[in-house]
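Student: Positions annotated as domain 'ML-like' by TrEMBL: 1-119. The annotation region 'Disordered' is assigned in TrEMBL to 618-647. Here TrEMBL flags 307-338, 359-379, 385-407, 447-467, 473-492, 504-523, 535-564 as transmembrane segment.
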Amino acid sequence: MSYDNDAKLITFDVAGTSKTVQNVTATLVVKAYGMEVYANSFNPCEADTYVDELCPAPSGSFAARGSQAISAEYADSIPSIAFQVPDIAAQATLRLQALEDGRDVGCVKAEVTNGKTADIPAVSYVVAGIAGAAFAATGLSALGAALGGAGGGGGGVASPSFTEMVGVFQGFAMNGMMSVNHPPVYRSFAKNFGFSTGLFPWRGMQVSIDNFRAATGGNLTRDSVQFLDNATLVFPDGSTATPNSSPVKRALVSFAELARRQIETEIDTAAPADGQESAGIESTIETAVSGIEAYAEQLSVPDSNTFMTVLLVTATIIGSIIVIMLLVKVILEAWALFGNFPQSLSGFRKHYWGSIARTITSLILMLYGIWVLYCVYQFTCGDSWGAQLLAGVTLVLFTGILVFFSWKIWRVVHKLKEMEGDASGLYDDKKTWMKYSLFYESYRRNYWWIFVPLIAYMFAKGTVLAATDGHGMIQTIAMLTVEGLMLVLLLWSRPFERRSGNVINIAIQVVRFLSVVCVLFFVEEFHIAETTQTVTGVVLISIQSALTGILAILIAWNGINACCKMNPHRQRRKEMERLKREADTLTPLDARNSLLMMEHEKANGTTFSMANTAYYDAKQPSSRDSSPEPANPYSAMNNSSFGRPMAPYRDRDSLMSNAAPISQQPTLPYGGGYHNSYGGGGGYNQQGYGSYRGF
């Protein structure tokens, strides 16, 4: 059915079958956003409303096409947003009733669209491109850190990182999984982020999962790929959709069907036998869906296949990472064996296996919230015992890995506090940093522990969404509580090392909180008007789209900075390592011990020379004759601070301290050389130094 707003005309084109010839009355009803905007009954045999194919309704297959004019009264009642907002919530119903007794003999329902939709492949491609750009920027930063260059990035410190971007997209998808009456426009928008949750409609993989479920006690009757091929999904608001079919595709298919009907104008008078479907009439099954089931089956992923789909996708990613990194390992070893291996790659080669473990652990941390969601949902669905067993094993494994690292970090911090009084060693010790920094590298030193409530937040969010599936109000309130607590924690602590990290992550959490607030308008128990829900859906799309656009710009900026700036924690650690190396290689005559190190100390005021830490009081008054005259003025033994390594002395004292004795006896101008032990000549109290003192 279609409506021309300019001509105020509804055009319908229906097809069906009938066993007998009978006169009928047609009733046409159009609803938009829950309001009945048009209703009219007409006799297809009357002159003003004549429809040849329904006068009378024939026996056998038939196709009928006609139009109905709408008065200004009805036309003005259609909301203006119906012609502007994509994916409008409108349905048209054509009901046929027998003219003699008024019994229903046929009913046709159709979705009404305005040709605009948010469910287009380009949106998914753009979103995937943004995630890919974040991966490239983060990878470039991590590569710089691995190579050990001064321009290396901090591997995830700069926001937004790849992990943060995937978390944002997962949050958008989770909003679409909630058990509420989503407006069609937001349902189509949220569908574009399904890839971030691991839901990919690969038919071959889905068929394999169906076979596995069938072999382990699963029920495929109404929960399989084959069932979805012939199913029509009915959402809580009454709107319908076919799995993995966009409105644009459905419109093209409908247009082709209408064109076929225009050509085939003849009526097949052969009535179909009992239990036999008429040729050309497609048999479909309507199934009511909501929550996680509705989101998954829109993407042609059967409800009970969700966990197994994510498991296989994750296993594929981990396997690819291992294969690629092993290939890189072979190349590096061959390079080192037969070529001139660069020094910049030696660190990466040395810590190669640690890099693989770090990458896999980062993947687990990134997917943990979604993993909890699908595992708990698999437990609630039941079905295959094999799928439930795998869900339990992997959930325990992933949770155990994160708990193990959390415990190890806590042990390290406990020892550091006993030995040094604080947890600075997490950032300053290179060995500890390389092992555990992926959990806390973005945070300030006093807030290294923030990753623990972050893991708890992901666990709580996934559990709440899966365990309360089907209970919209409870689910929304619980999700609002979880998001609110996380927002309060970030506002209170502001834990990120960089100021930009605090601003960006707090903004992301604010959007998450506001998104759940908007979802409250979709809760069925509140009975909010569909027009208000649609406007709220558009506002929600605007907020989330604006956040995505801003993050995309920041990703590009971070990609540039990754080549120029270093992780602040890593920069400080490198500076300390450099100073330690210089201190370890000092010799008594090394100028770094006096002039260079002291100049560095004066300029920065934050580092100190390991050989000169004392304070020299230049303001202390002294008499010209109060100092004893040394026998050898160049001897270090006469220094008043000798034997006290931390005592004050002047910068250039260290140049002469501990110097080897001079074998040749020098002579002074205007004198005959040294007196006393060095032979005759002008001593301090004679022509040499004595004249200066006034003797």
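Backbone N, Cα and C define each Cβ position, glycine as well.
Since the structure is predicted, the reported quantities are computational estimates derived from the model, not experimental observations.
Describe each of these features in terms of where it is and what it packs against.
Tutor: If one looks beyond the transmembrane segment (307-338) by at least 6 residues along the same chain, the residues whose Cβ comes under 8 Å of a Cβ in the stretch are 197-200, 205-206, 209, 212-213, 301, 345, 348-349, 352, 355-356, 359-360, 363, 367, 370-371, 374-375, 377-378, 387, 390-391, 394.
Residues 212-213, 215-218, 304, 307-308, 311, 361, 364-365, 368, 371-372, 374-375, 378-379, 436, 439, 451-452, 455, 459 of the same chain, all 6+ positions outside the transmembrane segment (385-407), place their C-beta atoms under 8 angstroms from a C-beta of that stretch.
Within the chain carrying the transmembrane segment (535-564), a Cβ under 8 angstroms from the stretch's Cβ atoms is held by residues 81, 85, 118, 127, 130, 133-134, 136-137, 140-141, 144, 151, 153, 158-160, 165, 168, 172, 175, 182-183, 185-186, 189, 504, 507-508, 511, 514-515, 518-519, 521-522, all 6 or more beyond its ends.
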Student: Grab the same-chain neighbours of the transmembrane segment (359-379) for me: Cβ-Cβ under 8 Å, and only residues 6 or more beyond its ends, written as numbers and ranges.
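Tutor: For the transmembrane segment (359-379), the nonlocal Cβ contacts are 156, 162-163, 166-167, 170, 174, 197-198, 292, 304, 306-307, 310, 314, 317-318, 321, 325, 387-388, 391-392, 394-395, 398-399, 401-402, 405, 438-439, 455, 457-459, 461-463, 465-467, 469.
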Student: Write out how many residues of the domain 'ML-like' (1-119) are helix, how many strand and how many coil, based on DSSP.
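Tutor: Tallying H, G and I as helix, E and B as strand, the rest coil: 12 helix, 59 strand, 48 coil.
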